[in-house]
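See structure below.
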Amino acid sequence: MKNILDLKYEELVNEFQRIGLEKYRVDQVLNWIYKKKVFEFEKMTNLSKEHRKLLSEKFFIDLPKLLDMQISKIDKTTKFLWELRDGNTIESVALFHSGRVTACISTQVGCPVKCEFCATGQSGFVRNLTVGEIVSQILAIELNRKIKVGNVVYMGMGEPLLNFENVIDSIKMLNDKKMLNIGIRRITVSTVGIPEKIIALAESGLNVKLALSLHAVTDYKRDQIIPLNKKYSVEELIYSLRKYQEITGNRVTIEYILIREFNDYPEDAIRLVELLRGLSVYVNLIPINPVNPKFHRPNRWALERFKEILEKNGIECEIRKEKGTDIDAACGQLRRRKLR
């Protein structure tokens, strides 16, 4: 049996025709799933009983099981703990701002990158998520929170570009008008930096937004907090961004976590200006969230000083207003966990 949520539109048409069902039946089923949020074939009443039985024998619709839902008392940010079919768990987040809802979704169970400041990698890496497990997070968020997701960021658990094929297919399904119908420019892929995959993303023609988690401006410092940097240097990352912009023309968001007396010095800001020269970028400055006790948030004056140096050199930036910190739903705080 196949999970319908793993299949793109053309694949579903082929699968349905293989079992003797017309193409328009695909549209009917997708309307039930993606528009009406009905996930049992038996309840799809514009299909005959015979067709419902046939579909139940050949396919299943796999939504993650909700284990826990926490809602921030500060800003309504909602964190979801899901159990997958094999018993593994992942987390997703819904962010609320200016009448819009952004879903922050996971792409892996755990994470192999193991950034020092991130909770996800501390629980180890298990496996990549399937296409359906990525897409179903949006459906499950909408179902359980009674909301409509308008923006999606691949910024939850895992490194999206290390699950490249499934992420690409899931983006196509999010954007498909017969499925979730989310505008392509409302989808952002956030990566710690896999240069060849950044270029491949540009060459895919999908035209999604890209965010690079840079966090340090020298290999010496980045090696200390992002082990993967020992394989892909800062220079290689910046080169891949230049290639990305040559191909797409899109502005790139640079994520920069600020850690007190580590990467928050004026010389770090000046080096960042030099690195980004000639690129069209927007820089998010993120005071580190409490995960690793050896790292501390910078002083407010250090934050403002860093921001001022960037702005004086023509780089648009902001100090990110963190959401969901009271429920551990902010940047770097998602982890693989079980309910006690």
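The backbone N, Cα and C atoms fix where each Cβ goes, and this holds for glycine too.
Summarising the annotation, Swiss-Prot assigns active site, proton acceptor to Glu91. In the three-state DSSP assignment, the secondary structure recorded for Glu91 (active site, proton acceptor) is strand. Glu91 (active site, proton acceptor): 26 other CB atoms within 10 A of its CB, across all protein chains.
Here Swiss-Prot flags 97-326 as domain 'Radical SAM core'.
The local packing around Cys111 ([4Fe-4S] cluster binding site), expressed as other Cβ atoms within 10 Å of its Cβ over all shown chains, amounts to 27. Taken residue by residue with DSSP, Cys111 ([4Fe-4S] cluster binding site) is part of neither helix nor strand, so it is coil. Taken from Swiss-Prot, the feature [4Fe-4S] cluster binding site applies to Cys111, Cys115, Cys118, supported by sequence analysis.
The active site, S-methylcysteine intermediate annotation in Swiss-Prot covers Cys331.
Annotated pair Cys118 ([4Fe-4S] cluster binding site) and Glu91 (active site, proton acceptor), C-alpha to C-alpha distance, rounded: 14 Å. Distance noted between the C-alpha atoms of Glu91 (active site, proton acceptor) and Cys115 ([4Fe-4S] cluster binding site) is 18 Å.
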